[in-house]
Every structure is written in C-alpha cells, then in structure tokens.
C-alpha cells in the first residue's frame, strides 16, 4: 500500500536510509529518530521509498538519494510503500512469580552495627492466613528474608527469643518433623552475603533436611510442598565406562568395600578414587596410618573477620588439617596434603568455592619425585627413532592429445613435392628434447599459399619450411596421437611402473601472436582502457611476419596493430565482424571492437549527463564522468587530475573551497587548517602565533589583553593613540 508524506522543513528530517541501486536493494527507511518530524508524520521503519519529490528512486544510488533529500527546498515530499514484513511480536514469556530459596547461612542471626543480634520478624502474609503452614526452613521471600511463624505458637503464647534455651530445645525437637520453627521477634535490618557459618555443622544439617523434605513432597504426589522446586530425574548413560566402573565397584565383596571406604573416607572423593583405580594409580600417593591419625586431629584456627568488600578465599582455607599441622614438614606428609588439595579441587565447586592451583604447585617433595605418577600425555623419548623407509620418487606425467607435438629433427625431413605428417609421439623412459635448428626459408619464383580446413596439412612443393619451437606448425592430431599411450603402447605399464622414477619432458606450443619483427625496436607502451587506435598498413616485402589471428605466415600486404601483425581480411571486430583496417578500434578483454560495438557494450556512463563516454574518462566518487561534466560547483572549471573537496555533496576546487568554507585567521588571512593551534577571541579565529599586540607584537596567548578598533593590545599599550 503506497502513501505520501510531506515533511515541513527545514531539516533535520529524523530518518535514515539504506539500500539503493548500487547496493542492489530498494531504498528503505532503516531508522526513525523518536520525536522527530519523521516520527510525527507516522513514518514506519522498513517502509520502501518509492519517490522523492516526485522523482522515482528505482534508478537512484544511495548517494543520489541523499543528495536529492539534501536539495529539498523547504518541504520534503516522500512517496512510500508499506513493508510486507509483519511487525515482530515479542515472544518473551511472562515472568513467573515463584518464591526463591533461602541461602542457609543467611538464616543465622547476623551481627548488627552496634554488636547486638539482629532478629527477623514474621511476614504479614503469615499473620493474615492462620490456616496456612509454610516451611520457613526451606523457602522464604528474597526481600524480607524471614520465616513464617506458626499460628498456634502465635495464639497460645509469646514468641521466644532466639537465644533462649526453650527456643533451642523446641527447634531441635522440630527438626525431624514438618512443623515450622519458632521465629524471633521484631524485624531489624540484617546483613547479607555474609560468609560466616557457610560451612558450619548446622548449615549442612539444614541442607540435608531440605533435601529430605523435597523428596518426601515428591513421593507424596500431593503437589510441591512449601514452594519447593521439582527435582528432575537424571538421565544415566548405562553404556558409559564410568557408569560400568561404578556398578562394578558396588558389586564388590563387603570386606573389600570396607577397605575401600576406609582408605577413601578421609582423603579423596569416591569419583576421584574410581578414576585412580581405573588408571592404576590408587597406590601412588597413599599416606601412611600416621598421616590418617594426624589429619583427624582438630587444629585451632584464627578467628574469621568479616568485611564489606567481597574477597576470594585464601589458599589456606582449602588446605587439609594435615597440611596445617606443624608436623607436616616431612616429605611424605607434604605429598599427602598436596594430594588431598588436588582431590578437593577436582571434586567440583561443592568441595571448595575457589579453586586455587597454588597448593598443587607447592606439593613437590622428594617422595613424590622418587615415584612420579604416570602422565596422561605422550611420553617423549630421547633415544633415536627407527629409521623411516626411504621414499620412492614417482613422477606421473599427464599426457594429453594435442595438435602441437614436437618432433625430433633427426626423424623429420620433408622432401619437396611429398606430403608429410608428424610422427606419432611415443613416450620413452627418459626422452631428451632437442630443438630443431633455425628455420631456413627459400622463396620460390611463384610462392603460393592456400590454407586448408582439413586436419592434414600439405605444404606446397616449392618452399622448404622447417618448423621451430617458437613458430611450429603441425597438422591436425592423427588417430594414434589422439588415443592414450597406454592403449597404443604395449610397454607403457612396464615403463611407468610405480617403482620406477620417470621424468617426461613435454612441450606444448599454444597459438599466440607473432612477435615484433625487430626485437630491438621500442617497446609498446600500455594504453589506457577505452583508448581508440588505428592499424598501420605495410606493403608486401621480404618481411614475412606471422598473423596474430591464424598464426600463419603473411605473404603480401599486412596490418600492424597492438604490436602484432595481421592479415587485412582477418583483422575484424570481434562482435559484428566489421573490417578494422581503415577505422578506429578499441582493445577490450583481449579482443578488438569497432567504435559502435564498444559504445554499445563496454563504454561507461557519465554520472551527470547519463550518456556513454567515448573519450577520456574521469573516475571520481566511485563513479565515471566526462571530463567536462565533473567540474567545480563554484567556478565551473574541470578538475583534471587536481585535488578537489566535497562540501554538501558538491565538488569544489581547492581555491574556492578555501574561500567559501575554510576558517581564516583574522590576523594573517590564511586558513586555519586541521592540526593548527588557534585562538578564538574578539569574535574571530586566530593562529596562536598571530594573536599579538598590534603595537609591540608581543604574543598575547594566555595573557590579559585589551581591544581597540577590533585589534588586540597588551596592557602596556592599552591606551595607545595610534593603533
């Protein structure tokens, strides 16, 4: 559906275009500035611009469309077409308001700023619905971070403080049941993201209780309990090697399993031990019983301080107790502690929130160096490798039937008056190519030359002409030459066996133009594309060049063009076959064309007058122009090869651009170019070296100055009379 819009000027109009003829896509509105004139005129993004001020945009390039819009006088009239693409519909799903789980360590009473315990308060939703029981231990609001108090407790008696013995006893008795816990009293601000109590025994116990409650809620089939999230069944690949190893380990005898559990209970995880057993390295770094006993001894640590800034845990927090004990200086214990740290870091993020590679790097000890574990990478041996078998050289020659087959000089001697044909080419194990001697040509009293279209070439009896590699001519391919050598030669398979090294030298002479008669003459300079040329006629003489079209000897008058010689009847236009002997021609794409065909198929189009360019072409702004069409917008003079500037879509010569658009210094009247230091004062622009006192010529940059008759003066000459 087309519609017209008229925007009231002046610009800016508030929309952006894309596309054009040079981009092979229609002009489209790609962006509309909110609140602009285009937005107020109900323009839509993606609409096609059909016409600008009544001019169709089908033949406009992107730059031409921009210039057309810029040249709009006061109002801009646009004819547009609605885009056929549907308006994109948002596919974003609405947010699901679901309760978020409480981080267990944030449920502990936090220290307030004055050192007292900060106690949470029950939510108003719990008071409003006394019949609803919610699991405060499992989930609560992420904004209030409070648990819900039981309505029975709220109605029967006062709420006990968190630190009282009765509250502790009641909370311990309610851990195994579904009843909610007793909550503290009035609400106070709490601290969040506090790492205190993250790894305490109470936190781990609460996490286990949450998991058991979610399992019971799933097994009951009555829906989710207390806003708990569903637990998905894990997809187990029973064909994986790790799963088979786990099943095999679970089916071991009880005594072996107990021994396995005893060894892996204190040091490494079960998965890491299974992998160690599969690779055969489970006994590489086993500690002795002394290390097991010492590792179970509790170690006193320094108190943990809290900070407002979140900082990563120190590497010491991931060390085992054995590594922190003073007796851990022995090589064996250092190896055990490093192994424990490596296992803890490999077990996953549940074992340690920060994986630090430094404990592994410091785990080197003489015991570990004496019996290193086998590396998973490929071992490198310093010994000499086994000698590789000596490669055999096999050169395969690609034999193709060709019209031009060189013949050794010894096997080719044409006699006058006899027909001859080239000898069939027979490959040999190592043929040597010997060029024939220089051609000798003896003209007869009446030489005749008649080219025949037949494949067999029969020379006239008079001339004794011997072909050379540079100007060799042979007849059409014979039947034996056109067939592959493995058909015509019975010994081909023995000659070119894979075990033999064969080198075949072959030369294929392609038809090309005859070289210049005088090799020491001046070289032909390359001409510009689209330059008109004329062929030069030469009379018949003792000179016998080769034709650039048929590659035959020219006997009689000939033409010279593009550095080659031609038969007059064969130098024709490549398209219309018009003779180019006496007319101008243009060389294009390795062919010659007359003026009419060149204008029709190859001549560029001027960007201003939209006509064919048959003479000198000007290339500018990614377009082609007549030299008389690409001129300065001010003085209307052609640029030639000189510099020009673009301003508002129009080209200007350097002189007019400086006079019209450049900023000039008020002191020296020269333009202030890019990179020059300048000063703006007294309503003008100055070079930093031109802003001086009009009397004493002292530089006034950064100094207080006075003005008189629009001239700067220093403080000393501020009251000068003659300025």
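A Cβ is built for glycine as well, from the same backbone N, Cα and C atoms used for every other residue.
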- Can you dig through Swiss-Prot and tell me which residue of 73, 77, 200, 220 is labelled phosphoserine? 220
- Name the residue among 98, 164, 320 that Swiss-Prot annotates as phosphoserine. 98
- Among 89-134, 227-272, indicate the range for which Swiss-Prot gives the feature region 'Disordered'. 89-134
- Which candidate, of 156, 214, 317, 662, Swiss-Prot gives the annotation phosphoserine: 214
- Item | Annotated residue, omega-N-methylarginine, per Swiss-Prot; candidates 392, 512, 543 | 512
- Filtering 16, 216, 537, 622 by Swiss-Prot annotation omega-N-methylarginine leaves 216
- If one consults Swiss-Prot for phosphoserine across 44, 375, 470, the residue flagged is 44
- DSSP tally for the domain 'LIM zinc-binding 1' (545-603), helix/strand/coil in that order, comes to 7 helix, 20 strand, 32 coil
- 10 Å Cβ neighbour count around residue 216 (omega-N-methylarginine)? 12
- Query: Along the domain 'LIM zinc-binding 1' (545-603), what average pLDDT does this model show?
  - Reply: 82
